């Protein structure tokens, strides 16, 4: 495939122009890009690779928030770096902690100056007995308008940069005390898994998501295995194969319906990439095997997609795909037109799929007491007055 043909496959959405801060953050740059930035400010070529590696270690292993913490870098070099760059990550505007331990953060992104509105996104930490999963956003808002999703009620503003995506992981480690230090030389390992299931469609922001996940999975940095990173897409078919080839993470498909006419309603992207095309892309996904199964997410909507006939059709659709099915009880949010399926019906659906040979875990609802529907915390805080938002921000800054 020619470069021009490949680029033609990349989906585009109308976006607000991103204006970087006056002093850009080094978070989210590759090693080669770090070397280039160091060259821009006069670091001699023989030193660039070594200095870039020092920065990489301090940013992604130690979690340094300021150049002054980088004690094996000379004072002169630290001063020069601080003059031109930062290692800023997003700012915590609000934090909600659920009774079940789930944490949700509303994060303000660095803006390009007084003339640009500071945008906000969410990320969520879900602790479990055997893992800790961080749900990360890829866009400010979303363009897909999925009928059951709260983020779909918010217009797409812009894509996140690689640094803003990596920054969410770093903020979570900051808040959880999950970096390496003298007391915890191997880290606490509270964040073991990453899921790209927050605000936005990751495959409509492919380049930034790819660059961010390559940093997050780098063994000499944050070091989360690619087998513990899952990218969820609503079905941007042209970029599914690229995900396997260029990122190599686990794939999840927001399926939610087994017939095109219903999926057209629930996931409007289906009108562009119908089920036949989507499932063929899954069959062709690089590296898919019984050891690296594709997850199909299926939100359980009462009287809409939860019949045993739907379960039978689901099994037929997935024939030949190394798959597991993640059944998701619908998480209600104000203004939604749907209800969660009855628990007995969810269990019957799960049992049928399991007996057909597919793993069919039912996702345990988490954090319902802290505005857990994706996008809901952002929507609720936008209704607050400036004084109330400042109070939330002050509370979030208090550990």
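Cβ from N, Cα, C; glycine included.
In Swiss-Prot, the S-adenosyl-L-methionine site is described by 200, 201, 254, 255, 256, 331, and among 217, 232, 307, 350 the residue recorded at this site is 232. Between the C-alpha atoms of residue 254 (S-adenosyl-L-methionine binding site) and residue 122 (active site, proton acceptor), the distance comes to 19 Å. Ranking the recorded positions 135, 255 by other CB atoms within 10 A of the CB puts 135 at the bottom. Residue 201 (S-adenosyl-L-methionine binding site) sits 13 Å from residue 135 (disulfide bond), counting Cα to Cα. The most densely surrounded of the recorded positions 122, 201 is 201 (count of other Cβ atoms within 10 A of its Cβ). In the three-state DSSP reading, residue 255 (S-adenosyl-L-methionine binding site) counts as coil.
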